[in-house]
């Protein structure tokens, strides 16, 4: 395994005056898919927001691709090559599908150091989006918005995809599609950091998992041994 | 009233005039709207950008004309002025606004208002107090004849300039990457940043664009009106009405609203005096009231304006307000002792003859600020029009005392009654809105009260106001009125304290912290807020009545926007999160105004600097700073 692409050590984060994360440490290596697992309110989304610099945070070490991102503004972090797919999708509902994608396609040298995505390649992956390029984001179904949100992140040519609960509020059939799509992206060499409550989704995509509860790290290890811990250990990390 | 051809011509003439004014209004409002959409800041200094554009163009036109010839010089001056204002706007964004994006709305409003004050004095310093006439527009100075009436060519040009800018802005927003970014950021600026867009740069560009459009609007007016110092506030008021009527963030709405407002004003002027039965109304004097009436009507029917939509909630970045704490026993004793000392103050009149006068001013300011604080702090409703109830109380008491000859206590009660009635009426509309919309509506109602006081000469004495409002025995001495005021203010403060900790106060604070949750708990949110609004207005009316008797007169000047802003400054200077805040703030500001600001012509800039200092350095105000000090002292070993 190569050196970690993302190293997080001792991450604390706050929402207003309330502290959400306590001394969280994890890492993502190049080409790896890592899951953050935990119940509602455990701090998964906050962890990803803290990574993007969207909430107040402090860390002993916060390094992405060899760059210290602790003091960088959000847009600089994104430009290093992190494609953020937020919880509840956050599509620009007043903009068309094509315009949503255009926003993320930064002109000039500001690309995300990852593989570039042509529109053709993108629409091969998301054939639905090709058909609705002129549709307003607000007029799409939840599953379609989720696809658009993922596609929008890819347009910025990321090295690491950060996905916040992509299966939430989406029909089971779409979840299946999503698993296939994310799996294909991983196979193409993208690194993936995935926050999920849905164990099945994590299991079919991820190599390793970190279990978070009440803002603290509870367990970490290979995905397979989480399965074992779940089945055999009476003090299961997921309970 | 007869409909003959001359009236038709007059209507046509005024209507072209209306479209020309609408263009100017639209340019200011469009900039204001774009800036609000992206940055969520209501820029109170936007009228100042318009004013700077006008002054800049008027100054540059002759100089550039000397080099380039008058034709080219005129248009070059317009372009340079607009660009200059855009650059200034960018500077303001980088230096000031970046520090306050995370601050509560109220602080942002006040900080940009401080900017208005500073710019106003800067213009006074640079250009002097005299009006400056601009050159005529080359090639557009004549008139075109339409239906036998001469229409100024420049008005026709301006009437077309508005739609042209509207079309240009529309293209920019729909077709360019910059426009797409503006639209995306208007909806979700955080997500835009997460996609790698330099949010800060975008905000600066948007602010420069908005300021530049306003500057252009001002510069284009140079052939129509002289550059003068009052223009910033009057344009700002109009632009607010337009933006709120059209819907915050909607460019199309801004144009429709600008036309609506300008045409209604033009119609009032064209119709002149209208007789209905035996009553004669001079409509041309109603122009000030008319636009605010339109705004109030629209907001009641469509709370987010004609083309507006509810704004996405902005994540609250600041900390929430600390819960209020009841006073301990030592503090109560200290308060009683202080009150006793204050009661003895008239004894010092021999040594300091001015002391009771200043102290009375302070008491009135304290009551004014405390009543405002009651709806702002525990109520969470930021009122930018508290002067309305001050004015109603003052005029009510003054009229009762002079026209009806009522004894002083009765006149004061009458004033309080008038203020209460006004607060009940206006409050019903206001409490249904939130945030900046509520602030703007309170401002609109205050402007209505001000306009009525200013324009209803027969009753209110017009711009001169009412004189000879002296109290009768035993309040006719300095000490008498002072002591009466002391008792009244102490009782009011006590009542506020009791209310804040009573179930009603708890319900009010619950509505502030989460109106949804409060509603779900069975608290009638609108009614609780309405009652609080009415009570605050009532107490403020008492302050107004006392003011009329203390000064012996009342005039529109005393109840203008600046009184409302003074109240806000007092509350913030003292600290909005503490019941002691308004008391500290009111006494401090009154003292400063009395001793420092009257020494200089540039008191506006001074007040602006004070506001900026509070917003940027001590957002907790005096009370917050004291609490921090005590906290630190308590923790020290």
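Quick reminder: no glycine exception, Cβ is built from N, Cα and C everywhere.
TrEMBL annotations: computationally assigned, not manually curated.
The transmembrane segment annotation in TrEMBL covers B:20-42 (among others).
Annotation comment: TrEMBL describes B:49-68 (among others) as transmembrane segment.
Annotation comment: TrEMBL describes B:156-174 (among others) as transmembrane segment. Counting same-chain residues at least six beyond the ends of the transmembrane segment (B:156-174), those with a Cβ under 8 angstroms from any Cβ of the stretch are 16, 19-20, 22-24, 26-27, 30, 34, 137, 140, 144, 180, 182-183, 213, 216, 220, 224, 251-252, 255, 258.
The transmembrane segment annotation in TrEMBL covers B:195-217 (among others). Counting same-chain residues at least six beyond the ends of the transmembrane segment (B:195-217), those with a Cβ under 8 angstroms from any Cβ of the stretch are 23-28, 30-32, 34-35, 38-39, 43, 46-47, 49-50, 52-53, 56, 78, 81-90, 92-94, 97-98, 101, 165, 169, 178, 181-182, 185, 189.
Here TrEMBL flags B:229-247 (among others) as transmembrane segment.
The transmembrane segment annotation in TrEMBL covers B:254-274 (among others). Non-local neighbours of the transmembrane segment (B:254-274) in the same chain are 1, 7, 10-11, 13-15, 17-19, 21-23, 25-26, 29-30, 32-33, 162-163, 166, 238, 241-243, 245-247, 280-284, 286-287, 290-291, 294, 305-307; each lies 6+ residues outside the stretch with a CB under 8 Å from one of its CB atoms.
For B:280-301 (among others), the entry in TrEMBL reads transmembrane segment.
Same-chain neighbours of the transmembrane segment (B:331-348): 355-356, 359, 478-479, 482-483, 486, 490, counting only residues six or more beyond its ends whose CB sits under 8 Å from a CB of the stretch. The transmembrane segment annotation in TrEMBL covers B:331-348 (among others).
As annotated by TrEMBL, transmembrane segment applies to B:354-375 (among others).
Panel annotation: around the transmembrane segment (B:436-456), residues 36, 42, 105-106, 109, 237, 240-241, 244, 248, 285-286, 288-289, 292-293, 295-296, 299, 303-304, 381-388, 391-392, 395, 422, 426, 429-430, 462-463, 465, 556, 559-561, 564 of the same chain, lying at least six beyond its termini, place a Cβ under 8 Å from a Cβ of the stretch. Feature annotation from TrEMBL assigns transmembrane segment to B:436-456 (among others).
Per TrEMBL, transmembrane segment is recorded for B:479-496 (among others).
Away from its own ends, the transmembrane segment (B:530-550) comes close to residues 360-361, 363-365, 367-368, 370-372, 374-375, 378-379, 381, 383, 386, 388-398, 401, 408, 411-412, 415-420, 422-424, 426-428, 430-431, 466, 469-471, 475, 481, 485, 488, 492, 495-496, 499, 504, 508, 558-559 of its chain (Cβ-Cβ under 8 Å, at least six residues beyond either end). Among the features that TrEMBL reports, transmembrane segment is placed at B:530-550 (among others).
For the transmembrane segment (B:479-496), the residues of the chain that approach it from at least six positions outside its boundaries are 339, 342-343, 345-346, 349, 356, 359-360, 363-364, 366-367, 370-371, 374, 471, 473, 539, 542, 546, 549-550, 579, 583, judged by C-beta separation under 8 angstroms.
If one looks beyond the transmembrane segment (B:354-375) by at least 6 residues along the same chain, the residues whose Cβ comes under 8 Å of a Cβ in the stretch are 342, 345-346, 348, 381, 383, 386, 389-390, 478-479, 481-482, 485-486, 488-489, 492-493, 496, 499-500, 532-533, 535-540, 542-544, 546-547, 550, 566-568, 570-571, 574, 576, 579, 581-583, 585-587, 589-591, 594. Through the fold, the transmembrane segment (B:229-247) approaches residues 25-26, 28-29, 32-33, 36, 44-48, 50-51, 54, 116, 119-120, 123-124, 129, 218, 253-258, 260-261, 291-292, 294-295, 298-299, 302, 304-309, 437, 440-441, 443-444, 447, 561 of its own chain, all at least 6 residues removed from its boundaries and within a Cβ separation under 8 Å.
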